[in-house]
Amino acid sequence: DCVLSSFQMTNETVNIWTHFLPTWYFVWRFLVLSSSLDLCQEPYHWPLLIYLLLVCLYPFASSCAHTFSSMSARARHICYFCDYGALSLYSLGCAFAYGAYAMPDHWVSGVLHRYFVPAAALNSFVCTGLSCYSRYVLGAKAPALQLDEIWGWRFPPSRLWGPTEYLGGGRSSGDAVAGYCYHLLFALLTGFLFASHLPERLAPGRFDYIGHSHQLFHICAVLGTHFQLEAILCDVRSRRAWLRGHLPVPGLPGTFGTAGLALLGNAAIIGAFTAALPRAP
């Protein structure tokens, strides 16, 4: 019934498809890049591989949450717990990519750079925990309020505001900065639309099926991720020679080890909140 409802017009239908279709776009981009880049065997591309996998995960998890959350009150909580976790892991994937390819030249190998990914892993735990907890403290008073993509905020690399001599040089670097600027714009629009509930608050009932803020912020989030991906790919290609001369080769513990622990940690948080559901007020 839930799957069939995605082909009927409800206030969730467009929410489902605005993340389900982009999932397959990102899967297609992943497959194309896999055919042109050695993502598995080349350590330089391991952070990019983790980022691409998590880019495919978060819209799929969101689409599933909107599809199956109507099964029951308990199912709704569990679906969005998983949605929160996927978004938090996506934010960690962004940190992997930024730390590996987008750091300003003068920050590479500095203190901030060394702790950038571990701090992002810790942040993913905090974001998932707070988002899941919000369903307990806000559920009774404001059942429509969700924090799904607000907690999964993706910060752009500070090269956006850095001096031009730290951009690595070349046309591709300028393309990367433009992509990050577009990503920042759509990230801000995502948060604004979610928090403002525009346009439906101006004309209640007019946007119940098409055009309400949740649909619009889904679209903005996907467009932002698209521009972010293009910018990261520009950095991967244009800064490769410089980065390989200033950074050690990514290792398994620092990449897949960290990502695996973050995945297990977020799954444990989701499991703990799921187990606590019967005891919730």
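Cβ from N, Cα, C; glycine included.
Curation plays no part in TrEMBL annotations; they are all automatic predictions.
The feature Zn(2+) binding site is assigned by TrEMBL to H66, H214, H218. For 48-68, 80-103, 115-133, 177-196, 255-277, the entry in TrEMBL reads transmembrane segment.
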Cβ under 8 Å, sequence separation of at least 6 from the ends of the transmembrane segment (115-133): give me the contacting residues as numbers and ranges.
81, 84-85, 87-89, 91-92, 94-96, 98-99, 103, 147-148, 151-152, 254, 258, 261-262, 265-266, 269-270, 273
Where among the binding-site residues H66, H214, H218 do you find the Cβ with the fewest other Cβ atoms within 10 Å?
H214
Around the recorded Zn(2+) site (H66, H214, H218), other residues with Cβ within 8 Å of the Cβ centre, ordered by sequence, are E12, V14, N15, I16, T18, H19, S62, Q215, F217
